[in-house]
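Participant: The feature compositional bias 'Basic residues' is assigned by Swiss-Prot to 154-165. If you look up Swiss-Prot, you'll see 26-136 marked as domain 'Calponin-homology (CH)', on the strength of sequence analysis. Residues or ranges marked as N-acetylserine in Swiss-Prot (evidence: a large-scale study or a structure entry): Ser2. Per Swiss-Prot, phosphoserine is recorded for Ser11, and the stated evidence type is a large-scale study or a structure entry. Annotated region 'Disordered' per Swiss-Prot: 144-168, in sequence order. The region 'Interaction with SH3 domain of ABP1' annotation in Swiss-Prot covers 151-164.
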Amino acid sequence: MSYDKKADVTSLDEDLRQLRESKFSPEAIQNIKIWVYKSVLKEIAPPGDLLECLKDGTVLCKLANILYEADTGEANHISWKSSKMPFVQMDQISQFLSFSRKYGVPEDELFQTIDLFEKKDPAIVFQTLKSLSRYANKKHTDRFPVLGPQLSTKKPRPPVKSKPKHLQDGTGWSTFEYGYMKGASQATEGVVLGQRRDIV
């Protein structure tokens, strides 16, 4: 028996990551890139990998500022700068994530800083942007297109009809709803409490 061979098993995190990645084809990633640059930033998308374009956090901060301005009319909500220093880039990514959380993106659809900066989980980065587009579209339908299906709106529950008058007599037991017990009690049903029972 050989112990050198690696077991053919994967962790749950790895399985979930692969499942997420399978949902984003190159075409889907390109659509996300178009949404970020053309639809929101009104810029020409640079060539190359989308994650590399987003890695320094400047594009994400500009994206957040535009969405914030559309809501409040205030510009430059997040300060940013082009920098090659890792801690500056990661801080800018973190600021974008804080904005997205307040904007409405669910916690389970938000990536972590290292998912983008170290490319640990590209799919969740794409999922965050896709989710952000849905919330932006919900708030400003005419300005920001949506990636994928729109957010569903919760429909109010239909009104519950009140009970008929013959069921509203205030009794604790309704024979119309629960049946008639025919005066059942412990004595009539042979229920013995605290005494010996003979089971035949």
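Numbering starts at 1 and runs along the chain as it is shown here.
Every residue gets a Cβ built from N, Cα and C, even glycine.
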Participant: Measuring CB to CB from Ser11 (phosphoserine), give everything in the same chain under 8 Å that is also at least six residues away in sequence.
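Facilitator: Within the chain, Ser11 (phosphoserine) has no Cβ neighbours under 8 Å at 6 or more residues' separation.
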Participant: Give me the DSSP three-state residue breakdown of the domain 'Calponin-homology (CH)' (26-136), ordered helix, strand, coil.
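Facilitator: Per DSSP, the residues of the domain 'Calponin-homology (CH)' (26-136) fall into 77 helix, 0 strand, 34 coil.
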Participant: DSSP on Ser11 (phosphoserine), three-state: which is it?
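Facilitator: Its secondary structure by DSSP: coil.
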